[in-house]
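*Asks:* Pasting the feature list from TrEMBL:
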SIGNAL    A:1-25  signal peptide
TRANSMEM  A:35-52  transmembrane segment
DOMAIN    A:43-407  domain 'Cation/H+ exchanger transmembrane'
TRANSMEM  A:59-77  transmembrane segment
TRANSMEM  A:83-103  transmembrane segment
TRANSMEM  A:115-136  transmembrane segment
TRANSMEM  A:142-164  transmembrane segment
TRANSMEM  A:176-200  transmembrane segment
TRANSMEM  A:206-228  transmembrane segment
TRANSMEM  A:249-280  transmembrane segment
TRANSMEM  A:292-309  transmembrane segment
TRANSMEM  A:321-347  transmembrane segment
TRANSMEM  A:359-380  transmembrane segment
TRANSMEM  A:387-406  transmembrane segment
Protein chains: 2
Amino acid sequence: MNPISLSVARRALAWLVLSSGGALAASSAHTGELLFGLFWVVLAAALLGTLASKVGIPAVVGQVLAGILIGPSLLNLVRPGDFFLTLAELGAIFLLFMVGLETRFKELLAVGREALLVAVLGIALPLGLGFGFGLWQGQGNVSALFVGTALVATSVGITAKVLQELGVLDARFAQVILGAAVIDDILGLTLLAVVSSLGAGRTLSAVQVGLTLALSVGFVALVLAVGIPLVRRFQNRLSNLSLSRAFNVAVVVGLGIAALSTVAGLAPIIGAFLAGMVLAEIKDEVEFESKVHAIEAFLAPVFFVVVGLQLDVGALSQPTVIVAGLILTVLAVAGKLLGGILGAWSLGRHEATLVGLGMVPRGEVGLIVASLGLGVGIIGERVYAEVLLMVLLTTVLAPLVLRAVMRRRVPARVLH
Amino acid sequence: MNPISLSVARRALAWLVLSSGGALAASSAHTGELLFGLFWVVLAAALLGTLASKVGIPAVVGQVLAGILIGPSLLNLVRPGDFFLTLAELGAIFLLFMVGLETRFKELLAVGREALLVAVLGIALPLGLGFGFGLWQGQGNVSALFVGTALVATSVGITAKVLQELGVLDARFAQVILGAAVIDDILGLTLLAVVSSLGAGRTLSAVQVGLTLALSVGFVALVLAVGIPLVRRFQNRLSNLSLSRAFNVAVVVGLGIAALSTVAGLAPIIGAFLAGMVLAEIKDEVEFESKVHAIEAFLAPVFFVVVGLQLDVGALSQPTVIVAGLILTVLAVAGKLLGGILGAWSLGRHEATLVGLGMVPRGEVGLIVASLGLGVGIIGERVYAEVLLMVLLTTVLAPLVLRAVMRRRVPARVLH
């Protein structure tokens with residue numbers, strides 16, 4: 001068939017089947033299937049998100065649980081296929097873009113030292129703890145390193161959404177978390193590259209590692225150093241744009257920088273966050289936010305539900321796996337919490353604790369590392385299931401604790 | 001690999017390649033590629049849409065041309081793969097949902113007779129003309145029937161967007177077009193089922209055709225007969241919802257009915273339109289529109305660009321194909337125009353002409369039929385290219401003429 005609407009043509013083909021065979025089963029055409037899937041995702045996210053809010057739990061936790069509920073391990077209404085994974089990634093991109101729009105670079109820079117410390121400690125401690133855990137289990141060096149790496153990367157989307165829901169994105173501890181997340185991603189992906197190459201039986205030279213690091217650091221610096229003066233310069237012209245044109249500019253800039261960031265070896269959500277932060281420089285003059293917010297409101301829940309879809313709790317049947325997974329979870333929490341508290345100590349004990357809690361959720365990132373290790377045969381099904389439990393617990397419980405602690409401990413002035 | 005983020009894992013896998021091989025070529029990971037594609041789509045839509053508006057052409061025409069420009073036949077920046085086709089379909093769904101939200105069922109019903117006449121004549125005439133053209137070309141009966149069928153279905157998305165841009169969706173002639181489009185889809189898909197089964201060497205019994213028709217007509221009736229009283233009944237409860245909850249309800253209802261309509265053999269955009277119309281009954285009390293509009297503003301241009309992506313103008317090199325395609329275009333325009341004018345004659349000559357013009361664009365629908373015929377070998381590459389030219393010209397030129405005629409002829413009271 002020529003380069004034409006495959007998915008739509010499938011609907012027509014299903015019709016061919018339907019009409020010739022008379023069987024309604026043909027209605028399970030591809031488009032219809034995806035639409036039903038999206039319907040379940042949006043419905044489950046709305047219901048469990050609302051329910052969660054009503055009982056005082058962050059909506060995002062309800063949405064992750066919604067994904068587990070409708071996913072392959074329980075109701076099996078939706079499978080996390082390519083379309084949903086890409087749509088979820090778009091959701092995460094719009095979420096971080098929106099978070100960027102609510103962030104001032106100056107304020108982020110003001111906590112740069114704390115963010116760097118939090119990121120470095122929050123990588124070193126979980127990596128060491130996970131590596132030790134793997135060795136203690138009798139795994140080989142490379143396999144243990146993979147477990148350590150799966151403990152490293154924070155899922156900033158989860159935390160950012162909780163902070164956004166509570167309206168504290170501009171609090172100092174929230175800025176530290178966001179700054180640390182950017183550095184976390186740079187260091188985490190570099191680490192993954194090193195560990196993966198070890199897994200493939202190669203060794204990266206120091207020069208290669210240095211280049212990899214320099215590329216991603218350079219990209220972040222370039223976007224901010226060129227982007228901010230640039231939008232300031234065109235500020236007048238941009239502020240004369242109609243609402244719909246301003247929205248076009250925002251989406252083009254957001255998607256463009258997100259796409260470019262993948263070339264620099266960064267996650268696209270980091271690029272989206274940077275793009276948002278660049279545009280935030282002129283947001284008092286140009287109205288970007290309301291429309292971007294509507295898209296985020298539609299797609300970000302898709303992201304959280306898809307995180308849940310990937311958590312196949314059916315893998316968690318053996319008691320020994322559960323015990324080992326719980327130990328791994330304790331190490332994962334301890335590593336990030338300690339890294340956050342030590343790194344952000346200068347903010348005071350309460351806020352430092354919030355930073356540490358904010359770095360705990362591993363979400364989709366830990367899963368990617370573990371499934372990569374499983375895919376190339378470095379870790380086994382058993383270790384994968386242990387990591388899965390760690391991801392599940394850190395993703396679902398950390399926002400609960402963060403919210404509870406914040407409500408109780410943070411003085412009103414911090415919450416502005 | 002287990003059921004986990006494939007597209008995201010690909011990014012990590014690309015990192016594995018990058019880190020071990022050191023080649024930046026690995027940055028063409030799947031996610032990055034899709035993001036770049038979406039970036040080009042959104043950028044091209046914004047630029048050419050704006051440019052078109054500035055020179056007095058409907059933005060949607062600029063967006064279709066943008067798709068041709070960045071598509072495989074010219075710049076080759078984006079290929080219309082599964083993800084873009086599904087996202088485009090979502091765009092069309094949100095567009096028609098939004099159009100439904102701006103439509104009152106009572107007003108549509110008031111022009112029901114005209115809409116039915118326009119739909120029936122607008123199917124019979126192009127079908128006959130296309131069939132005659134095929135026979136004149138020396139094609140077999142079934143092949144000629146396919147050409148006729150490709151001439152049948154209107155791409156209501158194109159026209160609806162033009163009408164929306166001009167703010168005349170609630171004019172009487174616009175209501176006739178929308179009503180006719182729903183009936184057009186029911187009859188057109190039934191026709192496609194019949195013709196496809198003939199192509200597969202089978203014959204549908206009258207009972208099968210009747211059931212097919214009854215299923216889709218019944219679905220439309222059911223949605224309206226059950227939906228409208230239902231939303232009215234829950235009107236008070238719905239009007240107490242916050243903006244974000246009301247938005248959730250709207251999206252869930254829209255996607256749900258769009259998905260269900262595929263089961264009834266209808267295009268999902270028809271379900272979305274019906275869902276919008278049901279919710280329109282209480283839109284004075286509940287604020288659905290602003291957020292749905294933002295999503296439409298993001299995704300509808302994707303739909304128009306993807307229509308353009310599928311128009312591989314490279315197939316139009318032979319002069320004989322172009323001549324035959326032009327003749328086919330004249331027949332396609334004449335059939336719908338005449339059907340519209342005769343069917344809506346009671347509205348007066350000017351408005352009836354607008355109805356006819358509004359039914360002319362074939363967009364993605366004609367392409368689906370033609371590619372289906374090509375795929376199963378009923379029509380050849382040559383006939384496919386002729387249909388392609390017809391689709392291109394009706395899609396791009398009809399909105400131009402519609403807009404020009406509307407500006408010139410319609411008295412101010414019709415445009416309210």
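The backbone N, Cα and C atoms fix where each Cβ goes, glycine too.
Bear in mind that TrEMBL entries carry predicted annotations, made automatically and left uncurated.
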*Asks:* At a C-beta cut-off of under 8 Å, are there same-chain residues at least 6 beyond the transmembrane segment (A:115-136) that contact it? List them, or none.
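*Replies:* Sequence-distant neighbours of the transmembrane segment (A:115-136): 108, 143-152, 154, 175-184, 187-188, 191, 327-328, 331-332, 334-336, 338-340, 342-344, 355, 359, 383.
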*Asks:* The transmembrane segment (A:59-77) and the transmembrane segment (A:359-380): do they have three or more Cβ pairs under 8 Å, with pairs 6 or more apart in sequence?
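*Replies:* By the criterion, they do not touch.
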*Asks:* Below 8 Å between Cβ atoms, which of the listed ranges A:83-103, A:142-164, A:206-228, A:249-280, A:292-309 makes the most pairs with the transmembrane segment (A:59-77)?
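*Replies:* Answer, by Cβ pair count: A:292-309.
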*Asks:* Hey, which bits of the same chain come close to the transmembrane segment (A:142-164), Cβ under 8 Å, at least six residues off its ends?
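*Replies:* Residues 58-60, 64, 92, 95-96, 98-99, 102, 122-123, 126-135, 171, 174, 177-178, 180-181, 184-185, 187-188, 191-192, 195, 198-199, 269, 273, 300, 303-304, 307, 328, 331-332, 335-336, 358-366, 369-370, 373, 378-379, 383, 386-387, 390, 395, 398-399, 402-403 contact the transmembrane segment (A:142-164) from elsewhere in the chain.
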*Asks:* Six or more residues out from either end of the transmembrane segment (A:249-280), which same-chain residues have a Cβ under 8 Å from its Cβ atoms?
*Replies:* 89, 92-105, 108, 156-157, 178, 181-182, 185-186, 189-190, 193, 212, 215-216, 218-220, 223-224, 227-228, 230-231, 238, 241, 286, 288, 291-292
*Asks:* At a C-beta cut-off of under 8 Å, are there same-chain residues at least 6 beyond the transmembrane segment (A:206-228) that contact it? List them, or none.
*Replies:* 105, 182, 186-187, 189-190, 193-194, 257, 260-261, 264-266, 270-271, 274-275, 277-278, 281
